[in-house]
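Data first, discussion second: the structure below is written as structure tokens.
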Amino acid sequence: MVYFKITGGEIVPEIEMTLSDTVFDLKRKIHKELDVEIYRQSLWHHNRIMRDHEYIDDYDFRTSETLYLTVTPLPPHHKLHVLIKSLGSDGYVRVKETDKVCDLRSKVERYWAVPSHLITLRRRNVVMENNLPLYAYYVNEASEIQLSVTIEPR
């Protein structure tokens with residue numbers, strides 16, 4: 001078994017693979033974990049791109065390794081529908097993957113009528129930082145983003 005830490009974004013999953021698995025099998029698990037389509041993924045190990053047909057065993061990995069994931073960008077004007085999940089009501093918002101988290105926060109403020117300073121957005125349980133683009137959190141079509149609202153005492 002090899003445990004891979006997948007870096008490249010703000011969400012850093014750890015994925016367990018057997019030596020008989022291929023790089024393509026690993027990409028399938030990344031797709032399941034991060035919702036990043038396989039055709040958009042490139043995996044790198046020590047500045048070397050990993051090929052889909054190669055086996056994990058071909059790399060002579062230790063039991064724990066770090067890989068770097070790059071994601072091919074979508075066309076510049078491609079809009080995504082992301083699901084904002086909150087306790088009271090869920091809804092879809094249209095965004096571009098290059099939009100910043102603060103842009104999404106502003107849309108949520110308008111649609112849910114909640115002041116942005118009371119909003120916390122999370123993707124895969126990671127708090128999303130205002131100054132980062134959505135692609136740093138692997139936001140894709142139908143990605144789920146959790147919305148929580150801080151209630152101010154009266």
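In case you wondered, yes, glycine gets a Cβ from its N, Cα and C as well.
Just so you know, TrEMBL annotations never went through curation; they're auto-generated.
According to TrEMBL, the feature domain 'Ubiquitin-like' maps to 1-72, 80-150.
Taking DSSP states H, G and I as helix and E and B as strand, the domain 'Ubiquitin-like' (1-72) has 19 helix, 27 strand, 26 coil. Taking the domain 'Ubiquitin-like' (80-150) as a whole, pLDDT averages 94 in the prediction.
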